[in-house]
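Undergrad: Not my notes, these are from TrEMBL:
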| type | residues | note |
| --- | --- | --- |
| ACT_SITE | 110 | active site, proton donor |
| ACT_SITE | 214 | active site, proton acceptor |
| BINDING | 141, 167, 190 | Mg(2+) binding site |
| DOMAIN | 88-186 | domain 'Mandelate racemase/muconate lactonizing enzyme C-terminal' |
């Protein structure tokens, strides 16, 4: 970053750097991922809220980055974390290739992409099942795109390939409760938790079977652990599409949970064409190791001045709240 934000940074933050990396395929409506890396006494943290998040919501993301850089993370109870391969809304041939090359035995498949049809989703999930074989696990993520009737119908069709769970099929708690009464597939709650005013107090009774935990949106590793404890449901840790610096925080969360019944959605650096680290966090035999990554390649993926300026302004807005 060529100049610091105008607002005062937290004590201990000594360096900021902005990265910008193209994605291999369009994901969550974006083709390029960018964010800010913060250096502090504990190491590096990542601040990368998506651009449709306002300053108020982005404050949790900032808190997570500061925790990583200044405080560090709780001690792990395991040395590695099993992960799923993430399959964007791509054609069946590419979906098959992504899964086959991943080494993972669990796949999360994006469905309900705008502009695509139910037949596209079925073909993609069929290809993933073929690549995994009968013993692999498949979960689908609709990103809250369906109403209750549509969700019930689509999930029934997709479950012919065997679903471990469906992530955030509908947008609201009320709709999730209604849907859960109509289907046999487990529901994982994501957006209704992390985008709520108080993730600790959101009422998940009858709404879901699994809670998705994401470090940045929940305000840090310790905050996410409190969310897990508050709800008492099985948890899966997923990424917010971060660089290896941010993914390391997700791995730290997964490594600190007392129980980890599901493979985690943390292998998303594979969706990047490059990374801030020369040792990117990519799965080996379906798992990621616990440990930090330094952005030793930041010069190669440094954002241009226009993007850096946008992030300086954004940090000022967050710190002003």
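Heads up, the Cβ atoms here are built off N, Cα and C, so glycines get one too.
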Undergrad: Round to the nearest Å and give the CA-to-CA distance linking residue 214 (active site, proton acceptor) with residue 167 (Mg(2+) binding site).
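TA: Spelling it out, the Cα of residue 214 (active site, proton acceptor) and the Cα of residue 167 (Mg(2+) binding site) are 13 Å apart.
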Undergrad: Can you grab the distance from residue 167 (Mg(2+) binding site) over to residue 110 (active site, proton donor)? Cα atoms, rounded to a whole Å.
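TA: With distance taken Cα to Cα, residue 110 (active site, proton donor) is 10 Å from residue 167 (Mg(2+) binding site).
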Undergrad: Excluding near sequence neighbours, so keeping only residues 6 or more apart in the same chain, what lies with its CB under 8 A of residue 141 (Mg(2+) binding site)?
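TA: Spatial neighbours, sequence-distant, of residue 141 (Mg(2+) binding site): 108, 109, 110, 111, 166, 167, 168, 190.
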Undergrad: If you count other Cβ atoms within 10 Å of each one's Cβ, which of the active-site residues 110, 214 has the most?
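TA: In terms of Cβ crowding, the pick is 214.
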Undergrad: Could you find out if DSSP has the residue listed as 'active site, proton acceptor' as helix, strand or coil?
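TA: Coil, per DSSP.
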Undergrad: Centre the Cβ atoms of 141, 167, 190, go out 8 Å, and tell me which other residues of that chain have a Cβ in range of the Mg(2+) site.
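TA: Near the Mg(2+) site, the remaining chain residues are 108, 139, 142, 143, 166, 168, 188, 191, 212, 238.
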Undergrad: Based on Cβ atoms within 10 Å, give me the single least packed residue among the binding-site residues 167, 190.
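TA: Counting other Cβ atoms within 10 Å of each of the binding-site residues 167, 190 gives the minimum at 190.
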Undergrad: Just to be sure I understand, if DSSP states are collapsed into helix, strand and coil, how many residues of the domain 'Mandelate racemase/muconate lactonizing enzyme C-terminal' (88-186) fall in each?
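TA: Final tally across the stretch: 48 helix, 13 strand, 38 coil.
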